[in-house]
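What TrEMBL annotates here:
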- Gly166, Gly168, Lys169, Thr170: ATP binding site (BINDING)
- 155-283: domain 'AAA+ ATPase' (DOMAIN)
- 367-436: domain 'Chromosomal replication initiator DnaA C-terminal' (DOMAIN)
- 1-87: region 'Domain I, interacts with DnaA modulators' (REGION)
- 89-111: region 'Disordered' (REGION)
- 122-338: region 'Domain III, AAA+ region' (REGION)
- 339-462: region 'Domain IV, binds dsDNA' (REGION)
Amino acid sequence: MKVAVPIEELWQQVLDQMKAKISKPSFDTWLYASKAVVFNDSQLVVSAPTQFAQEWLENRYVKLIQSTVYDCFHYHVEVTITMEKETMPPQAAAEHSPLQTSLPSPASEPLSVDHDQLSGMTLNRKYTFDTFVVGAGNRFAHAAAVAVAESPGKAYNPLFLYGGVGLGKTHLMHAIGHYVLEHKPNAKVLYLTSEKFTNEFIQAIMTNRGQAFRNKYRSIDVLLIDDIQFIAGKEQTQEEFFHTFNTLQEASKAIIISSDRKPKEIPTLEDRLRSRFEWGLITDIQPPDLETRIAILRKKSKAEKLDIPDEVMAYIASHIRTNVRELEGALIRVVAYSSLINQDYSVQYAAEALKNIIPSDSPRAVTIPVIQRCVAQSYGLQTDDLQGRKRTKAIAFPRQVAMYLARELTDHSLPQIGEAFGGRDHTTIIHAHKKIIKNMKQDQELAGLVASLTEKINAELA
């Protein structure tokens, strides 16, 4: 039996519970004006009044919302935060009318939804190729994603993206989906996590709806499945995904997969799945370098219409080095802090806002003199040689290596690096950096030497 309950009442019950879990200022600032636009036994879509509020909720309140929904109604939902202006496809909006929803009494069958209504609904509108910042650590992955989006099912099938948390894998997957739908509006595009795939599969088995489950996933044109490592060790789920993969592959449908590690490093993943993941293209995403981190913050600030001084963005970028998610979270924290104390943005207030997430016992910063000394010793030179004007190959190339390391390991500006190398122009530093990157791709011995120098430099600061 299903009971029709107005969606506002369901969401209000959740809000009432959350009032007791967080402070009143936090509730009034971030949750009071929110609305539920989709609410059923598997999904909750919450609309925030501004993009800033949307991102704040995404970064800090999704798990709390999920646990509160469970406390209220005893079922697990996938929570998506959208902005008020975002709209759903007409059919989907009609099905998930904000006036009422179907709230299952204790036990209910899973919802039966035509997949045509779902195509594109699982995509985050913020994650497009236009909003993706390309840098040295993600350039190849970005190019591969664009190629797949332009020729789904033909180029690099499957595409396997791997890398650490918050580096942009999910962003690229959503961007592929958006691009395909923009150029092929009738395509069936589905993004989901492997955890959701597993949960739906288990539910299908329990309710004897296995064939409906297979029909849903094997009729998709573009399947984007995130965090595939979650299915490791789950034999039945791997079996089902294996057959789904084969069906889509044979029909030349696009499969894009992400993981926190490469296929051969996923424990208890069946060999037959591992081999299929290796059929196409496997590419990694590395943490962004300083220039990319600053570019990410600039793009974010521009999108939010925030006037953040360059020195503040440089401060954030130089201290938050792990991933894009933490970088953007730090920016939001700085913006919120300055707003709460009613002060203009400054490095001082940025430091205060981030003092709890930047370790006070951070290791000493790498300096250019340390780099010059280590490089000079490695090549049998004097540091004066690297700072001088001689252009013989025996000196010029080690100097370029030192310039490369100065860009990679320090937060100094290009003019500052140029000054440390005998007053050279910033274009000389850029040229040296690009040259060493290019040479390392072709010369494994050089790549090994640079890695060894990096370790030596860091060891001196330990």
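Yeah, the Cβs are placed from backbone N, Cα and C, and that goes for glycine too.
Comparing the binding-site residues Gly166, Gly168 on other C-beta atoms within 10 angstroms of each C-beta gives the minimum for Gly166.
The C-beta environment of Thr170 (ATP binding site), restricted to residues of the same chain at least 6 apart in sequence and closer than 8 Å, consists of Tyr127, Asp226, Ser258. Residue counts for the domain 'Chromosomal replication initiator DnaA C-terminal' (367-436) under DSSP (helix as H, G, I; strand as E, B; rest coil) come to 52 helix, 0 strand, 18 coil. Annotated ATP site Gly166, Gly168, Lys169, Thr170; additional same-chain residues within 8 Å of its Cβ mean position, judged by their own Cβ, are Gly163, Val165, Leu167, His171, Leu172, Ser258, Ile285, Asn323, Val324, Arg325.
Residue counts for the domain 'AAA+ ATPase' (155-283) under DSSP (helix as H, G, I; strand as E, B; rest coil) come to 66 helix, 24 strand, 39 coil. Residue counts for the region 'Domain I, interacts with DnaA modulators' (1-87) under DSSP, helix first, then strand, then coil, are 43 helix, 21 strand, 23 coil. Lys169 (ATP binding site): 25 other CB atoms within 10 A of its CB, across all protein chains.
In the predicted model, the domain 'Chromosomal replication initiator DnaA C-terminal' (367-436) shows an average pLDDT of 91.
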